[in-house]
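What follows is one structure encoded as structure tokens, with my remarks underneath.
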Amino acid sequence: MPKSKRDRPVTLSKTKKKGREHKEIIVNGIREAVEKYSSVYVFSFENMRNIKFKEFRQQFRHNGRFFLGSNKVMQVALGRSASDEMRPGIFKVSKMLRGDAGLLVTDMPKEEVESLFNAYEDSDFSRTGSTAVETVELKEGPLEQFTHEMEPFLRKQGMPVRLNKGTVELLSDFVVCEEGKPLSPESSRILRLLGIKLATFKLNLVCRWSPSDFELYREGLDLSDFLNIVLFTRVMLVRFGSCFALGCFISKIPNYHRDFPILLHY
């Protein structure tokens with residue numbers, strides 16, 4: 001029997017793309033905030049958690065606005081160079097929007113902003129794929145923190161366990177995760193069951209702009225940034241050739257006129 005053309009599967013998860021209009025809303029929002037408030041900060045974040053970030057934002061709800069999104073869109077809003085910047089010197093801020101970064105536009109005094117960012121740090125459970133910051137190992141013996149109903153679930157996570165008189169018993173030493181290695185789905189579930197929080201949600205100030213000055217809090221490249229740039233350049237080398245890859249490498253380095261001779265030693 002021929003297949004009916006009317007019987008077509010419908011994807012319920014299909015969503016519309018955020019097009020040019022959405023980007024223009026973000027650009028206009030950033031420009032309005034920069035005109036309204038006196039200072040602009042770039043911050044980076046580690047192990048972002050939406051609920052915790054919303055709690056942190058509440059401290060600025062009366063005198064500031066946060067912006068998270070595409071770095072390129074935020075750079076366009078501020079101006080990528082001195083020729084198209086919206087306010088004098090603010091293009092330096094757009095140069096610092098790299099990786100996991102966001103904008104804070106506020107009237108709050110500099111000292112108070114620095115104090116809030118430096119003091120904020122919150123632990124949470126690590127997610128699948130994140131890098132373990134320490135090795136967690138369980139020793140052979142009874143696991144009294146788990147009830148007998150959990151024994152089948154623990155076995156599914158790869159743990160060598162059995163029931164011994166109604167108590168979950170570990171048959172041999174078991175390494176949940178190793179420092180420096182990515183977490184598997186099973187490892188992240190076991191850590192959550194054990195109540196071990198290895199991830200730290202932290203916000204770091206990168207730079208500050210005001211009409212009178214520009215201040216850098218974190219200068220130059222750290223090793224992880226440099227390794228990411230090297231990996232990106234190798235991909236460009238394979239796909240497009242040596243000259244294009246070298247141009248990409250140099251363009252990715254902040255303050256490359258100063259840092260490039262030093263980085264050649266790597």
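The backbone N, Cα and C atoms fix where each Cβ goes, and this holds for glycine too.
All annotation found in TrEMBL is predicted automatically rather than curated by experts.
TrEMBL lists 127-196 with the feature domain 'Large ribosomal subunit protein uL10-like insertion'.
For the domain 'Large ribosomal subunit protein uL10-like insertion' (127-196), the predicted model reports an average pLDDT of 91.
DSSP labels the residues of the domain 'Large ribosomal subunit protein uL10-like insertion' (127-196) in these numbers: 19 helix, 19 strand, 32 coil.
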